[in-house]
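**Q** Once you've had a glance at the structure underneath, I'll fire off some questions.
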């Protein structure tokens, strides 16, 4: 775990050096690149998240997906760090939540709503050359991925990152799952074929 903690600190320190303009510009390019992914162009339901701070921006992407008629599910963080889901109904329906997060204010759809997603956009700090993702360490998305695996759900798993966050290797644990693709402002990198039923 200490290996993960050190890598997380280094990546978060690098993000802190980004200006608000850098983040805004990257967000627009990321949205454009992500919207070209077959995993998103064909999706009817996408589970995503609202980026905060200097995370690679998702807001333009959320609005573009919604404009296309895609059902977008956003997480609602529970006290035990698990996630429930609610439908994204636009930026004016987001409310501040714990830990500086923004969450939808609509009805909660339960833990299993994510099972309906064709694609899941996962937050992350890094992805390595094998597609292994390093998250923030709260375990929320480990639970989501375990829930998907237990239900034999096979959505495409995609991470949005800055270019320097695609690294040679991240520390991994037995419960970690590889992702299928990472999108950076420089392009898309694929790691594994999307599993089929």
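Each residue, glycine too, has its Cβ placed from N, Cα and C.
TrEMBL lists these features:
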BINDING   4, 5, 6, 7, 8, 133, 134, 135, 136, 137, 138, 139, 140, 141  ATP binding site
BINDING   50, 55  substrate binding site
**Q** Pick the one among the binding-site residues 6, 140 whose Cβ has the fewest other Cβ atoms within 10 Å in this structure.
**A** 6
**Q** Between 4, 138, which of the binding-site residues has its C-beta surrounded by the fewest other C-beta atoms within 10 Å?
**A** 138
**Q** Per DSSP, to which secondary structure element type does residue 55 (substrate binding site) belong, with helix, strand and coil as the options?
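**A** Residue 55 (substrate binding site) sits in coil per DSSP, no helix or strand.
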**Q** In whole Å, could you give the widest CA to CA gap in the ATP site formed by 4, 5, 6, 7, 8, 133, 134, 135, 136, 137, 138, 139, 140, 141?
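**A** Largest Cα to Cα distance for the ATP-binding set is 20 Å.
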**Q** Which residues of the same chain, at least 6 positions away in sequence, have a Cβ lying under 8 Å from the Cβ of residue 136 (ATP binding site)?
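**A** Expected: 8, 123, 125.
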**Q** In whole Å, note down how far the CA of residue 4 (ATP binding site) lies from the CA of residue 55 (substrate binding site).
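**A** It is 18 Å, counting Cα to Cα.
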**Q** Could you state the CA-to-CA distance between residue 6 (ATP binding site) and residue 50 (substrate binding site) to the nearest Å?
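**A** Just about 25 Å between their Cα atoms.
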**Q** I'd like to know which of the binding-site residues 50, 134 has the most other Cβ atoms within 10 Å of its Cβ.
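**A** Its Cβ has the most other Cβ atoms within 10 Å: 134.
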**Q** Suppose we draw a 10 Å sphere around the Cβ of residue 55 (substrate binding site). How many other Cβ atoms does it contain, all chains included?
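**A** The answer is 19 other Cβ atoms.
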